[in-house]
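Feature annotation from TrEMBL assigns domain 'Beta-ketoacyl-[acyl-carrier-protein] synthase III N-terminal' to 209-288. Sequence annotations record features per position, and here TrEMBL assigns domain 'Beta-ketoacyl-[acyl-carrier-protein] synthase III C-terminal' to 349-438.
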Amino acid sequence: MLAFSHIILRSQTHHLISPLPICLAVQTSCAEMANATATAGMLSPHVPGMRTGGRDMARLGMVRCWCRARRGKVMCAAPPSSVNGDVLMGNDVSKPRRLPRVVGMGSKLIGCGSAVPKFEISNDDMAEIVETSDEWISVRTGIHKRRVLTGEESVKGLAIEAGKKALEMAHVEPDEVDLVILCTSTPDDLFGTGAQVHTALGCKNAWAFDATAACSGFLVGLITATRFIKGGGYKNVLVIGADSLSRYVDWTDRGTCILFGDGAGAVLVQATAAEEDGFLGFDVHSDGQGYRHLNAKTSVGGTKEVIPNTNGSINFPPKKPAFSFIRMNGKEVFRFAVSSVPQSIVASLEEAGLTNSDIDWLLLHQANWRIIDAVATRLQIPSEKIISNLANYGNTSAASIPLALDEAVRGGKVKGGDIIAASGFGAGLTWGSAVMRWQ
């Protein structure tokens, strides 16, 4: 059934004109209305007198939307949140998108794999390196041990092993893969390692690239994979999260060196019919104001004396570039995570048309147990629904979500049809979430 809602319009001179009825579906979302029309995101009735680019608000049953007149079409989307000047990290709260996403092929997760270094460092071992103890670390973080790359091991090697396992579980041959996304902030090569991984795996018909978003990296790669499937016609996308933050840790700083470990995890994302889509909703954000609280900046020195033919520059030629150690303000990062992550997960659930009670598993970036517990508490998700392997591996950055997922699947926890709410968050600052169904 259809009903009339009214939009208050402004003329070119910005004077209010009479309310104009427009035919809209009662209590339906903008996305649902858009999907019912021939042109996604647009409603066909012409609205005389509305200037191009003009905006006003309408109530669609219980749904509030913004309307933009453009070339005789009325385009609807959700309104932006108000800005109150608060500069708290992550205060860019989750907002509905301005236009519905393009509808195309769906995506499903059909395989996973993981790999970790052989060398293990326990909390007691850490006590031999810095002033700490097993109790001090475990109580504050939930971590008991971690794995670290040594000898001939590499990020590339871990990524290859994880990728192979994911392909094997998915029963997909390497030459059937269309795209390989390597999510890492610590590639073996400055220019990226994804192409080397894709070649070593034998994905000869695919192309590859690296995605860098720190601890949110895997989530970004996963969302990117679904967009290539939905809008690009890709069938099989291998997403790998692999990092070695042990290379950038100050092993004399007990505030950071106790947290990080190395590892890799992978999933195979495959195209499916739209009605069978297992990727139900997502939400992503970034806030550069918070980078100062978690970073590993480049450190490039310069010469002390002026060199001829340098136009007086004292910083040329530069010394060998390097990255500084990871620097983190733990209290600020904690505040950011426990505030922003629950909001993002709720936004993803709303897009999926689900509630907290529909979640079978909560899978967060494995940064700190206090963060995981705080987020679960805010979402009212019981501890038995939390997937975590933080105690055994520490914070493995982009590898943490797929590594934990792989262990949960192979351990029989996660079963076909289970709904997983996942969230990544970290340096950048970047954060986001996705609600998906394991196939």
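One is the number of the first residue shown, and numbering goes on along the chain from there.
Cβ from N, Cα, C; glycine included.
Helix, strand and coil content of the domain 'Beta-ketoacyl-[acyl-carrier-protein] synthase III C-terminal' (349-438), in residues and according to DSSP, is 39 helix, 23 strand, 28 coil. Here the domain 'Beta-ketoacyl-[acyl-carrier-protein] synthase III C-terminal' (349-438) returns a mean pLDDT of 97 for the predicted model. Across the domain 'Beta-ketoacyl-[acyl-carrier-protein] synthase III N-terminal' (209-288), DSSP assigns 27 helix, 32 strand, 21 coil.
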